[in-house]
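TrEMBL has this to say about the protein:
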REGION    1-39  region 'Disordered'
TRANSMEM  67-86  transmembrane segment
TRANSMEM  131-164  transmembrane segment
TRANSMEM  277-300  transmembrane segment
TRANSMEM  306-339  transmembrane segment
TRANSMEM  351-370  transmembrane segment
TRANSMEM  382-407  transmembrane segment
Amino acid sequence: MPRRAPAPDGDDFTFRPPPDARADVGEDEAATPSPSRPFGQLLGNFPDEGFSPVLAPPSRAASARDVTVITLGVVVIASASAYWLLQVLAYLLRPLVTAVGAALLLRPLVDFVSDKGYQRETLRRHRARLLCCGGTFTVPRIVAIVLALAVTCAVFGTLIWALYLGRVYVAVHVKDPAWYARFTSRVNAIGQSMSEAARRIFKKDDIAEQAWDRLQNEIEGALKDAEFWENLGVGAFHYLQDVMLMLFYTLFLLLPRRELSFSRSLVVRRIRKATRRFVSIMVQIAMVRALLVGVLLGLCRMPWPLAIAIAIVSFWLFFIPTLGSIIASILPLPIIVLLPDMTANQRAAGVFIPNLVSFLVGDLIGPVVYRKGLDLNEVTVLFALVFWYSVWGAPGAVLGVPLTCALKIVLEEIPHEGAHALASVMAPAQAGSSREGLDSSHETIRVPMTFTFIAWVKRKYDHLFMPRQTLRPRTQQDEEALLDSSPDSSD
């Protein structure tokens, strides 16, 4: 049987030698980079320093550079194609992904109500018992699914109830002549102060009246325009279509009975765990922020019905990262300015204190919790929000973080060093990581850095082009230990 000749120097695509080949040929080919091993030999064969295709001699790293360039080019092309495909199929994928997330969250409730064994196990694990009976009580699965969807609709109905509560408060107080007179005088005082400010700035007497008349004319023109109502109806129909498709998908995703956790693949188990952890973190942060905002607004002498309504609306807005926080901070400002029974100090406190507390909890503590709970760094979360919002709009901003977390898990399970390197870029920096293994020539590359983002880019560049033993692929035992370490790992 003829033996296979060793690969020449600079060959980018090498294969494993046949069993009867010489040992030295196998070693030469193992040292040559390939698409699945772009950094040459296996990680750990360079104890002193990591192999870098950028800094290594040309005779040793030429093919590694070529493979790295090819890999990056393929990643760019695949990303552009995926972006186009996600936009084209947004009408189908957006409700489907939302339904998958809803099914992951509702399945424990459906299984608890319809599965006697799961109900008994859950009660035993939490050392609880049903109030109605000493044993277990179950219903058919289709009834459990309907009950779960009804609970979901009731939870989302709190947003409509909050809007109705604010409307009822305004409608009741408008009928009070004394309150309405104070409200009218407050509005007139604001209008006069704005006219005085415009007169001082623009040196004209009627600039505020002209601006108000122009605004009224534009609003009346928009309301009389048939195209405006047509666009509004089309947008409402599209959102209603997404909701109906999401409910339809969720119904069919909840119909199959519960599977044992060990029968699922490792990737599915990790994605389920990450999704539920993300929702738990989001609910806790949003609830704390909304509760603080409502209580502080009430202490600033805002009427408690309006404070409760603003807190509920803010709770749902906080599920939209960054953009929702901005809207929630602007939402109470018109009410604080127009309410007649508040002093100037109370108005200032109502504007600044709730927004400051919300900023501290959501924008400073929130990213730290994301990083520790979801194994994603802050820059990855920001890029995920920008990308998915540009693709799917507001639903993409809500779904962006769990989708990125699922993508990172899939990259970690792909047997390819490039995929592992991309996953390490998305992960937060480890506390024990250092550059002690680098010699003085590598230390000369470092420059003083002030901004955190620049330092993050440099560190992730080192992860991509100077891999260490920390990029070792996770084994099955490592993943099993990771899943079993958390108390909510069992379904």
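Heads up, the Cβ atoms here are built off N, Cα and C, so glycines get one too.
Nobody curates TrEMBL annotations by hand; they come from automatic prediction.
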Winner by Cβ pairs under 8 Å against the transmembrane segment (382-407), considering only 67-86, 131-164, 306-339, 351-370: 306-339
Ranked first among 67-86, 131-164, 277-300, 306-339 for CB pairs under 8 angstroms with the transmembrane segment (351-370): 277-300
Stretch with greatest number of CB pairs under 8 Å, the transmembrane segment (306-339) reference, 67-86, 131-164, 277-300 candidates: 277-300
